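Asks: Sharing a structure here in structure tokens format.
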């Protein structure tokens, strides 16, 4: 699947190492390979954006290496491809040897996988399913400040799906564990690949059922009900959390404005 980059090769360049992206001038490199000193490097074509190929190059640059979060405000499709590149780069870096027999592995030529030529085992990129849910109570939405978010951002509740658990069960458990309340009328909304480090966010909306807010201090700094027209600092546009909040606000406006 990989190839040597030639002088006139052009497109979008995902240059990644250890979950970081090369972002010269704060942007994803776009244009001729020669302009970015990429000629002669090995590259994987991982998609297409605006009619041009998107290439993954497994390489560390001394300067301008940053987080994929820095491109979250770009188009959702390009952010998704950047996230794919970062996750694949880390997958290839961390799967050089077979976890069963210890022999060297090599990339598959037909799919995103690493193969062991000794025991013939096959490894795929790990994807961790998560739930994220906006909870509405009449004209208000439940928003929380997470321990890991010290920047004042308030967002909806989220968490990882456990082994042997359905998405619906995960929503009920996470909401109860983090806030102490029960929800009802759960509705699936959308999903978003989230490369921090390798999650797939499954987004839901739900209605408050019963209980009083009792936060888990290991997870949350605070949680409260906020009226739809008086909200605190929110997650940035482009995140599925922001989408859920905006959808909830729209529903409240339709009923209470």
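For all residues, glycine too, the Cβ spot is worked out from N, Cα and C.
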Asks: Would you mind telling me which of 137-158, 159-180, 181-202 Swiss-Prot tags as motif 'Nudix box'?
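Replies: Range annotated as motif 'Nudix box' by Swiss-Prot: 159-180.
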Asks: Check Swiss-Prot for me: it has 158, 178 binding divalent metal cation 1, so pick out which one of 111, 219, 222 it puts in that same site.
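Replies: It is 219, as the record lists it for that site.
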Asks: Have a look through 241, 250, 254 and flag the one Swiss-Prot assigns to the substrate site that 69, 111, 124, 192, 193, 194, 195, 196, 197, 198, 199 belong to.
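Replies: For the substrate site that includes 69, 111, 124, 192, 193, 194, 195, 196, 197, 198, 199, Swiss-Prot also lists 241.
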Asks: Would you kindly give the Cα-Cα distance separating residue 119 (Zn(2+) binding site) and residue 69 (substrate binding site), rounded to the nearest Å?
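Replies: On Cα coordinates alone, these residues lie 38 Å apart.
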Asks: Considering every residue in the domain 'Nudix hydrolase' (125-248), what is the mean pLDDT value?
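Replies: Value for the domain 'Nudix hydrolase' (125-248), mean pLDDT as a whole number: 96.
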Asks: Nearest to residue 195 (substrate binding site) by Cα, among 98, 119, 158, 178, 219 (binding-site residues)?
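Replies: Spatially nearest to residue 195 (substrate binding site) by Cα position is 158.
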Asks: Within 10 Å of residue 174 (divalent metal cation 3 binding site) (Cα-Cα), which of the binding-site residues 98, 101, 119, 124, 197?
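Replies: Correct set: empty; none qualify.
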Asks: Taking 10 A as the limit, how many CB atoms besides its own sit near the CB of residue 197 (substrate binding site)?
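Replies: There are 13 such Cβ atoms around residue 197 (substrate binding site).
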Asks: Can you tell me which of the binding-site residues 158, 178, 199 is spatially closest to residue 98 (Zn(2+) binding site)? Compare CA atoms only.
Replies: 199
